[in-house]
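Asks: One structure is given below, represented as structure tokens, and several questions about it will come after.
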Amino acid sequence: MSAFIVLGAQWGDEGKGKMTDYLAENADVVVRFQGGNNAGHTVVVGEKEYKLHLIPSGILYNDKLNVIGNGVVLDPKALFEEINYLESLGVEITPDRLIISDRAHVIMPYHRILDGIKERARGNKDIGTTGKGIGPSYTDKMERSGIRVCDLIHKEVFEENLKETLEVKNKIITEIFGGEALDYNEIYNEYLGYAEKLRPFVKDISVIVNKKIKDGKEVLFEGAQGTLLDIDYGTYPYVTSSSTIAGGVCIGAGVGPTAITNAVGIAKAYTTRVGKGPFPTELLDSTGDWVREKGHEFGVTTGRARRCGWLDLVILKTSARISGLTSFAVTKIDTLAGLDTLKVCTGYRLNGEIIDYVPASLEDLAKCEPIYEEFEGWDDSIANARCYEDLPENAIKYLKKIEDFTETKVSIVSVGPKRDQTMMISEI
């Protein structure tokens, strides 16, 4: 195994940060390839808890190279706030440990402003954006009007690009939405300061990452969000603005598909999502409330309560197919301890037909009735399991169902938030 992917197999919040931290122990390089500081990863090391948004989870190891790829949209203000936060917890961050793609696009103040304005303008049709400027930054990237990191650190290029872009953005903000114009000098001076601080970290990451792979180093690609939030294969428009699936690695980190050897899908033992959109297995009762409280299902980035539901194997099967997953890592199976009976969705009934895939149409997905199979539960002793044989028999049956239905093995099981509560039960 030389280069492998860790990505979310549901609607995000599956425990990718913890799994990346666990797998990073044997990696040499950890690469973020998409998204921005809208992501939220929580990693527990000993008695310390770290909340990461932009910087790869490998930063918690002293001997790893961490990479922010060109597919990421970078908010310099958020980056340096996160660096200061980590350094306050004793994590050293230097250009030897963190590098940033010169091709990554930069989130500007007008992106955050427009994100909020447009979301409010949607009224009850809002899509649940985090308001961090992610979508507008990706929009500028596709419209070829964005500012990249390599532009930002070249003063003359940045000056010219900012003048041209801000003139257009201010017209949109003031004339269309009735907002206040942004001040050029204020933005220019603020971002010049960021440019100087960024400069030592900026590299052509594609060259470096490919050389690491060629030299036989272990490279881990860390995804953000989840498969059902992918811009193409997610529950559009209630999605993020980037490609969250395995194919996004090639574009977002500048590596070829033949370089990737394995892809691990991270899946909770139940299902959650934040914000609006269809959710076939959602629990709108006391069981859903119980799972939310026991699983601490509140967003790291937004603090919003997550919607909770039964495990949806249709979603996992779809994720395995789209990303060519070689295995699953199942997290938070301990959260379900104490329930006498569990349900697992094994298909949807749509217009009288049974299907085992996620339909593209939101209207169709909203009409899907979940078909359930019931399983007997297990008790809280599962949190003490440290190997596969320690797991309760009913939990093993539950995991076996995931494998059989998705035709994808379960390689890792997590029974709690700490590093030592993770067990590898087969090769990934």
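Just so it is clear, glycine is given a Cβ too, placed from its N, Cα and C backbone atoms.
Pulled the feature table from Swiss-Prot, pasting it below:
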type	residues	note
ACT_SITE	Asp13	active site, proton acceptor
ACT_SITE	His41	active site, proton donor
BINDING	12-18, 40-42, Arg306, 332-334, 414-416	GTP binding site
BINDING	Asp13, Glu14, Gly15, Lys16, Asn38, Ala39, Gly40, His41, Thr130, Arg144, Gln225, Thr240, Arg304	IMP binding site
BINDING	Asp13, Gly40	Mg(2+) binding site
BINDING	Val300, Thr301, Thr302, Gly303, Arg304, Ala305, Arg306	substrate binding site
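Each of the listed features needs to be described in terms of its position in the shown structure.
Replies: For Asp13 (active site, proton acceptor), the Cβ neighbour count at a 10 Å cut-off comes to 28, with all displayed protein chains included.
For His41 (active site, proton donor), the same-chain residues that are 6 or more apart in sequence and have a Cβ closer than 8 Å to its Cβ are Lys16, Gly17, Lys18, Thr20, Lys51, Leu52, His53, Ser57, Ala224, Val300.
DSSP gives His41 (active site, proton donor) a strand state.
Long-range C-beta contacts of Gly15 (GTP binding site), restricted to its own chain and to partners at least six residues apart, with a cutoff below 8 Å, comprise Ile266, Lys268, Ala329, Thr331, Lys332, Ser414.
Counting Cβ atoms from all protein chains shown, Gly40 (IMP binding site) has 21 others lying within 10 Å of its own Cβ.
A simple way to gauge crowding: the CB of Gly303 (substrate binding site) has 8 other CB atoms within 10 angstroms, across all the protein chains here. DSSP gives Gly303 (substrate binding site) a coil state; it is part of no helix or strand.
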Asks: Expressed to the nearest Å, what is the distance separating Asn38 (IMP binding site) and Val415 (GTP binding site) at their Cα atoms?
Replies: 26
Asks: Quick one: pull the CA-CA distance for Thr130 (IMP binding site) versus Thr42 (GTP binding site), whole Å only.
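Replies: Cα-Cα distance, Thr130 (IMP binding site) to Thr42 (GTP binding site): 17 Å.
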Asks: Taking just the CA atoms, what is the gap between Gly40 (IMP binding site) and Gly12 (GTP binding site) in Å?
Replies: 9
Asks: At a 10 A cut-off on CB-CB distances, which of the binding-site residues Asn38, Thr130 has the highest count?
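Replies: When each Cβ's neighbours within 10 Å are tallied, Asn38 leads.
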